[in-house]
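Listed in Swiss-Prot for this protein:
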- 335-346: compositional bias 'Pro residues' (COMPBIAS)
- 37-104: disulfide bond (DISULFID)
- 49-58: disulfide bond (DISULFID)
- 33-115: region 'CDR4' (REGION)
- 106-115: region 'CDR3' (REGION)
- 166-204: region 'Disordered' (REGION)
- 293-348: region 'Disordered' (REGION)
- 253: site 'Receptor capping' (SITE)
- 366: site 'Receptor-mediated endocytosis' (SITE)
- 385: site 'Receptor-mediated endocytosis' (SITE)
- 273-390: topological domain 'Cytoplasmic' (TOPO_DOM)
- 252-272: transmembrane segment (TRANSMEM)
């Protein structure tokens, strides 16, 4: 067998394994229900089928080909609403055997064209399952402190469900049955408008007015008793659930901002810590760089030590004068002949300062002391000599 034929064998299986959207519908015994189904864009056969428990196949209940199953003749109608993209199937005079699994679909093949799964549950009006169900209690660890608790909501016991049977719909005044122990009161059916204003005193209308109102209600097609009953129960459960979820939601509304605030504080602390560490690292690098620059400058200086200078010598800071000038001054003196007498001893002047002399100012002015030779110091009378003792 060719391999390309194998996917054809899995087509029915894939259609059976497709997950369909499921809708649950509940109805009262003897009442009616309306099932909403999606309407395809193409003009094809649409139907409502019921799944058989034994074989698993889906048998057609009603379709657009004017087919109605024998069990539902006179009790089921199918209407199309193209503008809303849906079609409605209304089933009246419900019985307990009508409970089961239904499916909406489109196409000629009933088993493969399913678009929606519908579960119908038919029950009596006084079934115990319709009593108020207690809400599950929240765990003790989830209870909020006293400061964060919300005020208690109204108790759900204030809502009283009134159920009537089809046999009691024609009776207007209430009938009281007395007994030695208990008292049971059967109340007539109350419409939605009268249930809202239930605290007001009741007024009974004349028979002519009642007949006119009944005729008007017949023209306007009032809602079925099952629908009204479902509406009241659904509203009651929604209020109970809303009060419970409101208390739980209040705790989450307080807990979430607290966690976010702590998370933001932790992030801010990390950012500040990183900034401080970076600043410290930059300061350490700057210090190390300064130390390296100082060491580099000291290593580049010449290592030859300067000539030590005496602190007491005032001329140590002045540069030395070249000796060429002194040589030039001494070279002008005439040299005495061999027969000439020796010149007298030159005048010796002590260069040491006097004791009473004030301290000399340090300056770079040069003081030149020239010793004039004896030949230059002679007068016209060469025989006169002046001897200065040393």
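Sequential numbering from 1, following the chain as shown.
Cβ from N, Cα, C; glycine included.
Here the features listed in Swiss-Prot are placed on the structure.
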residue : record                  : DSSP (3 states)
37      : disulfide bond          : strand
49      : disulfide bond          : strand
58      : disulfide bond          : strand
104     : disulfide bond          : strand
253     : site 'Receptor capping' : helix
Residue 104 (disulfide bond) has its Cβ surrounded, within 10 angstroms, by a count of other Cβ atoms equal to 25
Rounded to an integer, what is the Cα-Cα distance in Å between residue 58 (disulfide bond) and residue 104 (disulfide bond)?
10
In Å, rounded, how far does the Cα of residue 253 (site 'Receptor capping') sit from the Cα of residue 37 (disulfide bond)?
38
As a whole number of Å, the Cα atom of residue 104 (disulfide bond) is distant from the Cα atom of residue 49 (disulfide bond) by 7
Considering every residue in the region 'CDR4' (33-115), what is the mean pLDDT value?
91
Distance between residue 49 (disulfide bond) and residue 37 (disulfide bond) at the Cα atoms, whole Å?
12
Residue 253 (site 'Receptor capping') has its Cβ surrounded, within 10 angstroms, by a count of other Cβ atoms equal to 10
Show which residues of the chain containing residue 37 (disulfide bond), separated from it by at least 6 in sequence, have their CB under 8 Å from its CB.
46, 48, 86, 87, 88, 89, 104, 115, 116, 118
